[in-house]
Amino acid sequence: MSAPLFEKVAFIGLGLIGSSLARVMIAENLATQIVASTRSKQTLEDAKALGLIQEGYSDPIEAVKGADLVVLALPVRATQKVLEAIQPYLSENVILTDVGSTKGNVVDAAKAVYGEHLPAGFVPGHPIAGAEHTGVHAGKVDLFANHKVILTPLPSSADWAVEKLIQLWQAAKAEVICMDVEKHDEVLAHTSHLPHLMAFNLVEQLANREDNLDIFRYAAGGFRDFSRIAASDPQMWHDIFFANKKAILNAVDGFEKQLKTLRQLIEDENSQALMGVLGHAQAARQHFNHMLANKPLMEKNKVTTQQFTILPGQKNFQGKFTVPGDKSVSHRSIMFGAIAEGTTHVTGFLEGEDALATLQAFRDMGVSIEGPKNGEVTIHGVGMHGLKAPASALYMGNSGTSMRLLAGMLSAQKFDSVMTGDASLSKRPMERIAKPLRAMGAHIQTTGERGTPPVSITGNQPLKGIQYDLPMASAQVKSGILLAGLWAEGETAVTEPEPTRDHSERMLRAFGYEVKTEGNRISLQGGGKLMATDIQVPSDISSAAFFMVGAAITEGSDVTLEAVGINPTRTGVIEILKQMGADLTVENERIAGGEPIADIRIRGTRTLKGIHMPEDQVPLAIDEFPALFIAAACAEGQTILTGAAELRVKESDRIQVMADGLKIMGIDCTPTDDGIIIEGKGKAGEWGAIFTGGEIESHHDHRIAMSFSMAGLRTSGEIKIVGTETVATSFPTFTALANQAGLTIQVSE
Ligand code: NAP
């Protein structure tokens, strides 16, 4: 066993927080000896009886003698007095820390005792964890697990002291964050102290009413949730409110101002603005929830929140389904609605996290947006010059579309902006959009050698139209440039090597903006305006593709996907499946919101055959290849894909990740620089198992997860797919619809 982290630890104060940390030290063998000093003898006796300390002292001086770690775990107002007493008796290399909820006044107390030369071992800290009950009996060994601990190292703090404290708190399974003292007090004033003040205030307001008994008796769950923290220790909060007075008063002022705004909106019955505020708050809450929930997961990439399990022996695959709205069209409906004049109504909006990130970004830029509710969104456009500076960085989650298209729009705004994303988006290249935008006059910065997010844009830069030859087919880059062109002087034109998705062009036209398409050259004139319109978002062919492949590889299947968008720049999957011999028909073609749609019917009547995938179809099926690789594995003969280098820089390196998964499941395949060769295991007229089963790592890529799910229709062994939580980004109803069709996917958290 390795030596404990500390020789002798002295706690001054041993209540909820101190005793919880003592419990961790014992459980993790972090200290040879633990002692404490408290006010009452009773606490010391109890602590001994609980086995938390070897010795207890009424006098803190006795406790700290010879200690290499001293933890002040008492009310912050007592800090200065205790420090004055113990200062002459502290060892030279002692680490001195505290757990107080405010930090500025703890540092002030230390300065009052030590003067400006604070000891190198002094590192204030604050565990963001607690409970309503206090005292030595309330402590818990897991109080800090999965909570944050903020350390506020000072310029005088030594690295060795900070590092040892980080080790200590990590042993408590806490996530350690370092920030400066002022920032700590400001952040906590808003996120902890103000909410406690509000809870005390509301309960007090209601308690003073004559009918208070009735009010509390009939109080609903919302009141209970909101007022829970008003049951905390009044003495402690009294101390905190005084200790962090300046920052708390600022937070209260902000609260009063916001409350006044809400009050006025209600008085004026200003429905649109009230919906705007409430909708913004609700979306922000959901958005932050997601951000906070996924961040540690993505950053550490170790923990998996969700996995799919598919058992062998699945037979059925049938039914009529409406898959969710097209992601590309959903994104653009918000972007264009936001900068249009008038109100835009959207139906069929994809309520997945990517499109919601776009929606949130525009709310952050001051656009009032109602919904989404059952796929309906109402956007109150602010016109070409109405976007406002966001208060902080725009968080794009996992959405490359949002980031690349917005890069174009933001380059043309009057304000500075920064875009960030989750761990996966943070690895994706952004230079390919930054470069042409710079050529237009934009000031745009990406990060690191590989030019990844965060992306920082300096506002107020006049843009000039350019003629840009896309080096690699990409609808996102094309759209980003064209969007910047809306504000640029003169003509902006993009020539693409092969046609890519033209949703931007179609929708700009639907919003009344003239866009010219001459062969592979798309152009527009800057300086015009967009007029609000209604948008029906077609069902997403990329989502439909999984069901198309599932039906194509399953004997006797019969699946119809309704009202699917069949924009000619997206129908590669239909063409490729047909060339592979799938029994696929496109029925009931019609136009909705400028986009062509149709019902697609696929039956499992014949074995697919391997093909060299036509290169002209590659850009038109770029997102559908993971699913098509599953089809290729079930086909008879070899399938070759070339000209698809783009696949390597999607949410994951889709060529490598698919090849790895296919090999695990017994498929012979060879990844190449720009494609893959897959040896299909199918035999004409035979419908038995193709895949062996196995555990697949999806690399948090939704399309990888859904593609391998379909392999479950032809597997001899169990398939486990790890890291499937991102499926909700594009296809929230995926497992529900798959189960309805007859493919049983078990979801475990
Ligand atoms: P607690 O359970 O009430 O324990 C306080 C401890 O400090 C007790 O052992 C008490 O001694 C001792 N103490 C009180 N006044 C003292 C004084 N004037 N001189 C010497 N010792 C004194 O409180 P806690 O919840 O652990 O809080 C301790 C610190 O942690 C506070 O600074 C608080 O801001 C911070 N904190 C609390 C929470 C929370 O949710 N509770 C969360 C994060 C941080 P006796 O046992 O003899 O009374």
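Glycine residues also receive a Cβ, built from the backbone N, Cα and C atoms like all the rest.
For Asp623, the entry in TrEMBL reads active site, proton acceptor. DSSP assigns Asp623 (active site, proton acceptor) to a helix. Its own atom aside, the Cβ of Asp623 (active site, proton acceptor) has 24 Cβ atoms within 10 angstroms in the protein chains shown.
In this structure, Arg332 (3-phosphoshikimate binding site) is part of a helix by DSSP. If you draw a 10 Å sphere around the CB of Arg332 (3-phosphoshikimate binding site), it holds 26 other CB atoms from the protein chains shown. According to TrEMBL, the feature 3-phosphoshikimate binding site maps to Lys327, Ser328, Arg332, Ser474, Gln476, Asp623, Lys650.
Other C-beta atoms found within 10 angstroms of the C-beta of Gly400 (phosphoenolpyruvate binding site) number 22, with every protein chain shown included. TrEMBL lists Lys327, Gly400, Arg428, Gln476, Arg654, Arg703 with the feature phosphoenolpyruvate binding site.
What TrEMBL lists as domain 'Prephenate/arogenate dehydrogenase' is 7-296.
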Overall pLDDT for the domain 'Prephenate/arogenate dehydrogenase' (7-296), taken as the rounded mean: 91
Most distant Cα pair in Å, residues Lys327, Ser328, Arg332, Ser474, Gln476, Asp623, Lys650 binding 3-phosphoshikimate: 20
Top Cα neighbour of Arg703 (phosphoenolpyruvate binding site) in the set of recorded positions Lys327, Asp623, Lys650: Asp623
Cα-proximity to Asp623 (active site, proton acceptor), 10 Å cut-off, over binding-site residues Ser328, Arg332, Lys650: Lys650
Count of other CB atoms lying within 10 Å of the CB belonging to Arg428 (phosphoenolpyruvate binding site): 19
Lys650 (3-phosphoshikimate binding site) and Arg428 (phosphoenolpyruvate binding site), distance between Cα atoms, whole Å: 7
